[in-house]
Amino acid sequence: MLFNINEKGEPLVISFAPFLSPEAIKHLQENERCSDQSQKRTAQQIEAIYTSGQNILVSASAGSGKTFVMVERILDKILRGVSIDRLFISTFTVKAATELRERIENKLYSQIAQTTDFQMKVYLTEQLQSLCQADIGTMDAFAQKVVSRYGYSIGISSQFRIMQDKAEQDVLKQEVFSKLFSEFMNQKEAPVFRALVKNFSGNCKDTSAFRELVYTCYSFSQSTENPKIWLQENFLSAAKTYQRLEDIPDHDIELLLLAMQDTANQLRDVTDMEDYGQLTKAGSRSAKYTKHLTIIEKLSDWVRDFKCLYGKAGLDRLIRDVTGLIPSGNDVTVSKVKYPVFKTLHQKLKQFRHLETILMYQKDCFPLLEQLQDFVLAFSEAYLAVKIQESAFEFSDIAHFAIKILEENTDIRQSYQQHYHEVMVDEYQDNNHMQERLLTLLSNGHNRFMVGDIKQSIYRFRQADPQIFNQKFRDYQKKTEQGKVILLKENFRSQSEVLNVSNAVFSHLMDESVGDVLYDEQHQLIAGSHAQTVPYLDRRAQLLLYNSDKDDGNAPSDSEGISFSEVTIVAKEIIKLHNDKGVPFEDITLLVSSRTRNDIISHTFNQYGIPIVTDGGQQNYLKSVEVMVMLDTLRTINNPRNDYALVALLRSPMFAFDEDDLARIALQKDNELDKDCLYDKIQRAVIGRGAYPELIHDTLLGKLNVFLKTLKSWRRYAKLGSLYDLILENFHERFYFDFVASQAKAEQAQANLYALALRANQFEKSGYKGLYRFIKMIDKVLETQNDLADVEVATPKQAVNLMTIHKSKGLQFPYVFILNCDKRFSMTDIHKSFILNRQHGIGIKYLADIKGLLGETTLNSVKVSMETLPYQLNKQELRLATLSEEMRLLYVAMTRAEKKVYFIGKASKSKSQEITDPKKLGKLLPLALREQLLTFQDWLLAIADIFSTEDLYFDVRFIEDSDLTQESVGRLQTPQLLNPDDLKDNRQSETIARALDMLEAVSQLNANYEAAIHLPTVRTPSQLKATYEPLLEPIGVDIIEKSSRSLSDFTLPHFSKKAKVEASHIGSALHQLMQVLPLSKPINQQTLLDALRGIDSNEEVKTALDLKKIESFFCDTSLGQFFQTYQKHLYREAPFAILKLDPISQEEYVLRGIIDAYFLFDDHIVLVDYKTDKYKQPIELKKRYQQQLELYAEALTQTYKLPVTKRYLVLMGGGKPEIVEV
């Protein structure tokens, strides 16, 4: 029950319905199932919307309507008396928050329109007003609110700013690192610190590798709940724990034993093949068979009796025994077919080889790790201190401040917990541990609502941890008192062809080991409607592979990315879709794993005339030509003796010096000086005192004088003005901004130049001043091989979309092409010199000196890089985590498609036909095989090979060069402009025929367009009505004339000395008033008088307006109340322009006008027009203005592609306002 106050100050009591019990929810589910609605909510959706009083985890598969569920749940909470500001709603992006807010707003407007309860209308209107203040946004945005409000409690000023520019962060980091590095090099433990630096950088002069290590450790720690505690307690966890063979995790031993047993099984399967050759011609066992049987028996025995024969302490001995047993090669050949039986086992043995030696030297690296721990802790504290001094922080800092505020201030934490009725989280699978801690502090322990899908967790590079979701999933399934799991499996997005291939692929690929979740019946996609199950044979998924057997070298290697041939395959399929099926370009989307080869795709599509829009490429802003020219201009202004920058400026279009000019200048040196800069030579050339003054001709001298004069002016400006003004001065004085407008990609180039000025302005506003510091900042960004974000420009809508898989998340497209499926997964991180893990801490490659072990006496040292045990442990986990993320990326990419999905890659047809595995083992691909395959394409081919007897819902097709010729690819069909059959019969001579045609054309034009000669090309509805009304509506004219003559009232003459107010002026004033009138306030005389002051009319006209009549319209008519209820949908005094065809001349003309008011809804439009004409009967004005409203309706329909369902005239010329529907 809720109490509100009405306008009279009286309490309004609203009785809200209680939350539904489990029995009521079941009843609602049954009613929904039996209803005849075309679109029904699923039982699980209803459960997710209405279940309350406990923690809820909604596992929502792709396309299952999770946003719909969230919006409906929020609306249900509001309708049951929970104010919107008592809900905490976290989204992953700002865009998602905006969309969610808009959906809630639309739902509230719809609910207001449906309800007849006035008190409920008032309450819902209040919720609308509170919506903009509600906590709907990202975790970063909420953390900023907390710190802005309560930062004082931990000593943080509320007047902070966010450092979003990575370049600024890098500059500060570099300053802190350099100072700290010097301190550590001069401390007592300097020898240990030098050894630490050398272990990663090779020498103490080049600190880049060590700096990267420190920065990475710092960034990793920032994603934890408490960075300082993690660095102190977890950073060296594995280094302290794993120091003996007995410390090796059981899981790693199990994987080794599993690889041994799998090898024995695969070898047995191979030896059982008919063509293997177990026996010799004499009938005895062959030597090969005997050897392989021995391997099978020993591997099986060692696995079975591992604990008795070896145990963990004897692991090193087991590795030696297995290494000596199996052959050094990977393959066993049968009938010229190679089977990689030993490949996986060799990889596992490599992991465990030299364990005793590694453990012997591993203890020597522990002092180095302690030094690293101290350095990273000191760096974290010093960097934070600098940011506090600057009052500028990163998002992670703000989040940790918010956590600290809530942890250390019980009253603040409890106030939040008591305030929030529910803590709701979208995209829960992408949370990190810092965010999870913040959510835990906001919740009261039983009011969390989490929506996500672990199969779509693809942000590990942002330290997102899918195990947070996974752990909740397991806990809630085992311990129902902690919370409830609800599965949304129905997919409402894709046709069965997409759903079937997705289920087929991931049921063979994804489990807890790789993918972090078993893709079983719980997680498989189910069509949500009957329409999705209708089969389309031409929409079966396709794996299209360019056959690289005869690759002519045009294709780059895997590391380089996609080849021209692969893109041509895509172009061919798109041309076929567009020409044969009429598929518009905007229905087609290309997905890539990275943007590195977008240029090849765009270039190829341009060749075939296919329009394409990309979501950006690599960040190359600072490397764009126009920006480099301007940066060199600024460098020259700062220091003219910078020869590189000066030459670039002289050669630029601003001054246009050519090679000959520069050569002549270069010869003007001073023989007495050993080193002479170009700027000095220019000055000597101008005054004629160079070594060869005769080389400076008049034209060159004039160019030099102009240059020196301009440079002097710029340098003076740099001392007096801001960076922003200086850059704009550079643009315009030498017309460079105008010059780039004439070049290719002019719009992008001009946007880049203007963005440079804006970034300089932002740089100065952040507290830095001066041209020198700005150039230094830019140079540091370039030194760190970073760049600034590219500038976005407007893109065409009717074009194929090209974007990364990450960017496509949450979107859907009819046709999806997944490109570059042959691209190897990036395993760069597992080959670095260090690997971080949240639980185990850091593992490193240690550069050990094994001089003593080898007995070497000649050399000073013998350094060998060793993978320490913590490193190997982290490496294995990271490898599986990387493969899992790639698998989820493939899932996201495939489930974006509505109708059809294509996989594009390249492979050798002959090699791909080799059998991957001799035997199908269970439903999943063997774990060892999934670990071994490192491309989407390899996974798909392995599934197609091993499970070839199943219908996998995708076809594999190899494309040859002969399929990619110009004729085979085809070209886009364009509408034919001329029909050859319509050409004039050529029976007469060409001259006579042309003369007759000209005479006929002139006569026809004069006849057809006679009316157009006397009519304007731009007309208004009033002009149109006056011109054609007698022709189009003669009956209506007669009625009006008769009715006007039958009026019996006679108005007495008015003899006032005041000037008469024209009716048109009153009408204009009424329209102005209706435009500016604030509808959010109650409409009364005071509101009208306040609004009246703001219109542009004289006092006589304002006095002539009947405000009581206007008040009556809003208070006493349903249409007036409609204005106030749906004010968010209202557009007032909207201009329009449409093309019309003149009925007499058949010539097109522009019709312009202004629509008084219209309401724009999702599926229809309501049109309103005010009239102040005097009338006797409303039917008169209805007939008079019917055509005018039809024109307005036509304009709105053309603009929005929606029907105008209602058209109203508001008549203000009578005794009271009247509403007439036309």
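Cβ atoms are placed via backbone N, Cα and C, with glycine included.
Since we're looking at a predicted model, the values are computed, not measured.
Sequence annotations record features per position, and here Swiss-Prot assigns domain 'UvrD-like helicase ATP-binding' to 39-495.
Per Swiss-Prot, the feature ATP binding site maps to Ala60, Ser61, Ala62, Gly63, Ser64, Gly65, Lys66, Thr67; the stated evidence is sequence analysis. If you take the C-beta of Ala60 (ATP binding site) and look for same-chain residues 6 or more apart in sequence within under 8 angstroms, you find Lys66, Val69, Val451, Gly452, Asp453, Leu488. In the three-state DSSP classification, Ala60 (ATP binding site) falls within a strand.
What Swiss-Prot records for 524-810 is domain 'UvrD-like helicase C-terminal', and it gives sequence analysis as the kind of evidence.
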Per-region confidence, the domain 'UvrD-like helicase C-terminal' (524-810) (mean pLDDT, whole number): 83
Neighbouring C-beta atoms (10 Å sphere around the C-beta of Ser64 (ATP binding site)): 27
In the chain carrying Gly63 (ATP binding site), residues 6 or more apart in sequence that have Cβ under 8 angstroms from it: Asn491, Phe492, Arg493, Ser494, Leu525, Gly528, Gln812, Thr895
For Gly65 (ATP binding site), the number of other Cβ atoms found within 10 Å of its own Cβ: 22
Winner by Cβ contact number (other Cβ atoms within 10 Å) across the binding-site residues Ser61, Thr67: Ser61
Same chain, 6+ residues apart, C-beta under 8 Å of the C-beta of Ala62 (ATP binding site), given in sequence order: Asp453, Lys455, Gln456, Asn491, Arg493, Leu525, Tyr891, Val892, Thr895
Check: same-chain CB within 8 A of ATP site center, minus Ala60, Ser61, Ala62, Gly63, Ser64, Gly65, Lys66, Thr67: Asp453, Leu488, Asn491, Phe492, Arg493
